[in-house]
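Shown next, in structure tokens, is the structure this report addresses.
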Amino acid sequence: MVSKILKSVITVLFLIYYGILDEVRSQAEDKIYLSNLDTQCLRCLCFAATGCNLTLGCVNGYCGPYKIGRIYWADAGKVILPEDDVDRSGAYEDCALSYQCAQKIIKNYLIKYARDCNNDGRVNCADYSMINFNGGYQCHPPLDRNEAGRKWLERYYSCYPRTPDSD
Ligand SMILES: *[C@@H]1O[C@H](CO)[C@@H](O)[C@H](O)[C@H]1NC(C)=O
């Protein structure tokens with residue numbers, strides 16, 4: 001009898017212990033953040049990509065309102081919807097098509113590649129916009145070099161008006 005109770009107590013303690021560890025771990029993950037990657041920036045990166053069109057679907061290998069490609073997704077750590085299986089075909093598409101899940105992909109990618117792409121001495125949303133258009137490895141080429149880039153910039157600045165700090 002006593003040993004049965006003891007067993008349950010130990011089991012419960014175990015569960016609490018690992019529950020707490022999990023909680024601490026997920027809090028630590030939430031604390032990784034980029035300065036300047038705030039709600040407005042995330043929204044404007046979405047706007048720059050597609051006008052933040054949530055019903056675009058997948059077009060030419062790019063999915064969702066942020067136009068996320070499979071390589072970008074993989075590079076960002078293969079974020080998937082809760083309870084999904086990373087090896088399921090469609091896991092990438094379904095995350096990229098979900099606004100919330102896509103934002104996690106974007107965050108991971110930018111945490112990995114954040115840098116001063118326009119050489120203005122700060123790392124902010126304008127740089128993140130360049131990273132998303134150019135890719136993380138070579139983010140420096142100015143966006144106004146081609147038509148797609150000019151359209152991207154136009155949408156970006158219509159969402160994120162230029163201020164002395166935002167460039
Ligand atoms: C979003 O994209 C779909 C598919 O191309 C299009 O039919 C729709 O008009 C777009 N929505 C907006 C708000 O632009």
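Positions of Cβ are set from backbone N, Cα and C atoms, glycine also.
The Cβ of Cys41 (disulfide bond) has Asn124, Cys125, Tyr128, Tyr160 as same-chain neighbours under 8 Å, each 6 or more residues away in sequence. Under the heading disulfide bond, TrEMBL lists Cys41-Cys125 (among others).
All chains included, 19 other C-beta atoms sit within 10 angstroms of the C-beta of Cys52 (disulfide bond). For Cys46-Cys52 (among others), the entry in TrEMBL reads disulfide bond.
Under 8 Å, Cβ to Cβ, and six or more positions away along its own chain, Cys63 (disulfide bond) finds Gly57, Gly69, Tyr92, Glu93, Ala96, Leu97. If you look up TrEMBL, you'll see Cys58-Cys63 (among others) marked as disulfide bond.
In this structure, Cys95 (disulfide bond) is part of a helix by DSSP. Here TrEMBL flags Cys95-Cys101 (among others) as disulfide bond.
What TrEMBL lists as signal peptide is 1-26.
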Three-class DSSP secondary structure - Cys41 (disulfide bond): helix
Other C-beta atoms that fall within 10 angstroms of the C-beta of Cys95 (disulfide bond): 24
Separation of alpha carbons, Cys58 (disulfide bond) and Cys52 (disulfide bond) (Å): 13
Residue pair Cys58 (disulfide bond), Cys95 (disulfide bond) - Cα distance, angstrom, rounded: 12
